[in-house]
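Colleague: Have a look at the structure that comes next, please.
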Amino acid sequence: MHLTRGHLVLESNIPGALLGLLHQSDNREFCTTRYTAATCDPDDFVPHGYTLRQQLHPKRTTEIHIVITMYNEDEILFARTMYGVMQNISYLCGLKKHKTWGPDSWKKVVVTIVADGRKKIHPRVLYVLAAMGIYQEGLAKNIVDDQAVAAHIYEYTTQVAYDDKLKLRTAEVDGIVPTQVIFCLKEKNAKKINSHRWFFNALSQSLQPRVCILLDVGTKPAQGSIYELWKAFDNNPQVGGACGEIRAMLGPSCRYLLNPLVAAQNFEYKMSNILDKPMESVLGYIAVLPGAFSAYRYQAIQNDINGQGPLQKYFKGETLHAGSPSPDADGKSGGSGLFEANMYLAEDRILCFELVAKKGERWLLQYCSAASASTDVPDQLAEFISQRRRWLNGSFFAGVYGLWHFRSLWHSNHSMPRMLLLTMEAIYNVINLLFSWFALSNLFITFYFISKSLADSATDPFGAGWGDRFFNIFRCLYLFLIVVIFICSLGNRPQGAKWLFMGCLVGFSVIMTYMLFASTWLIYKGVSSAISQMSWTDDAGHDISNILGDTTLRNMMISILATYGLYFVSSLLYLQPWHIFTSMPQYLVLLPGYVNILNIYAFCNTHDVSWGTKGDNVIDQDLGVVTKVSEKKEEVLVELPTDQQDIDYDYGFVQRQLQNKVPPPKEPEPKNMEDNFRSFRTHLVLVWLACNAILVAIITSTEYDTIYIPSAGNTYMLVILWTNAGLAAFKFAHSLAFLALRWF
């Protein structure tokens with residue numbers, strides 16, 4: 001057969017059984033699957049003359065390009081995401097009176113699925129793709145004209161879908177509309193950032209979409225959410241990136257909330273979407289648009305003519321994680337290399353910063369609360385710790401990067417009022433970064449003074465000196481658990497020491513329960529004392545003024561309002577109060593575990609940055625080799641499944657396989673990574689530990705009896721209290737501003 005512009009491009013008929021399910025079959029894109037063997041780097045896809053089906057339709061432009069990135073996830077997670085996307089495309093087609101969208105809107109949306117490694121993809125996902133007509137066995141080849149194939153690209157406009165119960169959904173019964181699908185099956189496993197390079201630099205460069213939407217497999221966008229994300233770009237031409245609300249999947253009847261770990265994460269997600277994201281959206285810079293559900297204006301993220309820009313900085317992380325970060329000039333692995341490698345664990349944060357700071361531009365990032373997507377959250381402690389290790393290290397180092405390069409914003413074209421808002425946000429981020437650095441010591445100091453207060457006979461709720469005994473017991477337990485976590489974090493993975501980590505989490509939960517009891521008791525005693533000493537009058541205003549004049553009571557009220565009050569009022573204003581009752585208690589009890597276990601494990605594993613595929617350089621030949629007939633002709637010998645009976649037989653096999661329920665295989669334990677950066681990790685942990693230990697020693701070195709006695713420790717506690725209250729007020733004010741802008 002002939003090569004197309006020197007490339008292997010094949011068209012294969014879809015199975016007859018699938019053809020009979022189609023609502024429309026009047027176009028070749030419905031009746032055949034197109035296969036392209038890409039033998040180039042993603043950056044060379046367009047320069048080397050590769051084309052996609054959409055380019056064969058002169059009047060067909062792409063408004064939205066959606067990417068679903070996957071690795072080895074199973075067919076249930078894939079079907080959940082894919083069906084959610086197809087429901088959203090049906091929603092776009094239902095907007096009959098819209099200037100952009102209407103009955104044929106499916107022609108303006110392209111869905112790309114990028115699988116990270118042919119031998120890594122779950123085989124049952126291929127069954128689902130084959131049942132939808134997107135994938136066909138036997139088309140792919142390893143080598144074309146002595147060039148190794150880098151990616152196998154399948155194209156098909158499907159009219160059937162499978163939901164997460166693997167139930168077939170069609171146009172006739174379920175309103176499924178045609179969906180243009182590109183399935184990019186990478187030959188080698190090269191990590192998610194490389195998948196995004198295929199999406200942005202290869203496929204999107206061919207399609208030139210207006211908006212690019214990123215989804216992780218397993219994340220299901222709610223009905224209409226893709227439209228709401230697109231609308232953020234359509235309404236404001238300065239919006240360069242946007243994200244929606246990420247919701248934790250709570251299961252049937254919210255039964256997953258019975259797991260305290262899931263409930264705590266649900267509370268985290270909710271409060272982030274009520275306070276943090278709205279605040280950042282009003283200021284114009286969202287620290288991270290989550291890769292699981294976010295969108296970018298394709299024009300905004302493009303590099304300049306010199307190849308410098310957001311995408312260039314974003315994809316720098318691919319070279320860092322392709323193996324060990326590069327050594328310094330003296331041949332030693334330097335701290336700067338490890339710093340960058342950790343920073344690019346949160347490469348989406350780098351993209352957000354570079355987009356807002358783009359030279360000569362004035363792009364903003366926006367939170368779209370009307371768009372939402374649901375995703376699974378870790379329900380096992382080991383999985384949770386591993387996930388947060390990457391998040392915490394990436395966010396910490398990327399946060400330092402953003403603050404260090406803040407001056408880059410002055411090269412952008414933002415207005416002075418906007419620069420003032422961005423400067424305010426930078427100051428806010430500096431304070432938050434300091435709080436995260438000293439989180440370990442601040443939590444212990446808080447525990448110390450609250451628990452110590454019950455040791456005073458005047459406030460001891462137990463009597464007979466039991467308040468002092470409990471203080472000493474819990475203080476020793478606290479310090480012992482810290483030591484255990486350090487030992488476990490330095491020498492073990494969470495999967496290998498899960499019971500030790502679980503024991504530490506339970507221990508800290510007991511300590512936190514005691515702290516909550518102590519806080520409640522101290523508030524009760526403080527209020528009782530203030531009321532008993534109050535001289536009541538007929539003037540209510542005067543009485544309130546006297547009550548607020550009591551320093552102890554005022555500080556307690558500020559502490560309550562800045563935490564519980566802020567959570568409750570803001571959630572009520574956003575009409576989402578239920579997580580306060582179903583998830584906040586679990587979050588509060590697990591809070592010391594969050595601070596201590598996650599932070600210690602993250603800092604003790606800053607060396608764990610390698611996502612590489614070193615040694616994966618062998619060219620497989622299990623798919624077959626395409627060779628030229630002669631050097632003078634663009635003709636090749638290729639073995640293909642051309643008989644319709646063979647195609648139909650393969651399709652029947654796929655359908656039968658989908659009917660068989662397969663128990664999930666047990667995940668193999670990943671191997672320990674090669675560690676080239678233990679020295680930097682050790683020095684970082686020592687500096688971090690020293691800073692926190694010195695702070696604890698200074699604040700707790702003086703003799704204290706209760707928190708009511710003025711002291712240096714009390715002064716520090718007041719500084720922490722008022723700083724937290726100020727940050728809370730700052731977030732709440734901008735959250736209200738976001739709410740006002742949304743409604744008015």
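Glycine is no exception: its Cβ is also placed from the backbone N, Cα and C atoms.
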Colleague: Can you dig out which of the ranges 351-370, 391-410 TrEMBL describes as transmembrane segment?
Modeller: 391-410
Colleague: Provide the three-state DSSP residue tally for the domain 'Chitin synthase N-terminal' (2-63): helix first, then strand, then coil.
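Modeller: Computed counts for the domain 'Chitin synthase N-terminal' (2-63) are 15 helix, 15 strand, 32 coil.
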Colleague: Please report, as numbers and ranges, the same-chain residues at least 6 past the borders of the transmembrane segment (470-492) whose CB is under 8 Å from any CB of it.
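Modeller: Hits for the transmembrane segment (470-492): 440, 444, 447-448, 451-452, 454-455, 462, 500-501, 503-504, 507-508, 510-511, 514, 596-597, 600-601, 604-605.
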Colleague: Report the listed stretch (430-450, 499-524, 556-575) having the maximum count of Cβ pairs within less than 8 Å of the transmembrane segment (680-699).
Modeller: 430-450
Colleague: Report, as numbers and ranges, every residue of the chain located at least six residues beyond the transmembrane segment (556-575) whose Cβ falls under 8 Å of a Cβ in that stretch; write 'none' if there are none.
Modeller: 270-271, 274-275, 369, 522-523, 526-527, 548, 584, 721-722, 724-725, 728-729, 731-732, 735-736, 739
Colleague: Can you tell me which parts of the same chain pack against the transmembrane segment (499-524), counting only residues 6+ beyond its ends and a CB-CB cutoff under 8 A?
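Modeller: Beyond its ends, the transmembrane segment (499-524) has Cβ neighbours at 381-382, 385, 446-447, 450-451, 453-454, 459, 461, 470, 474, 477-478, 481, 484-485, 488, 492, 556, 560, 588-593, 596-597, 707.
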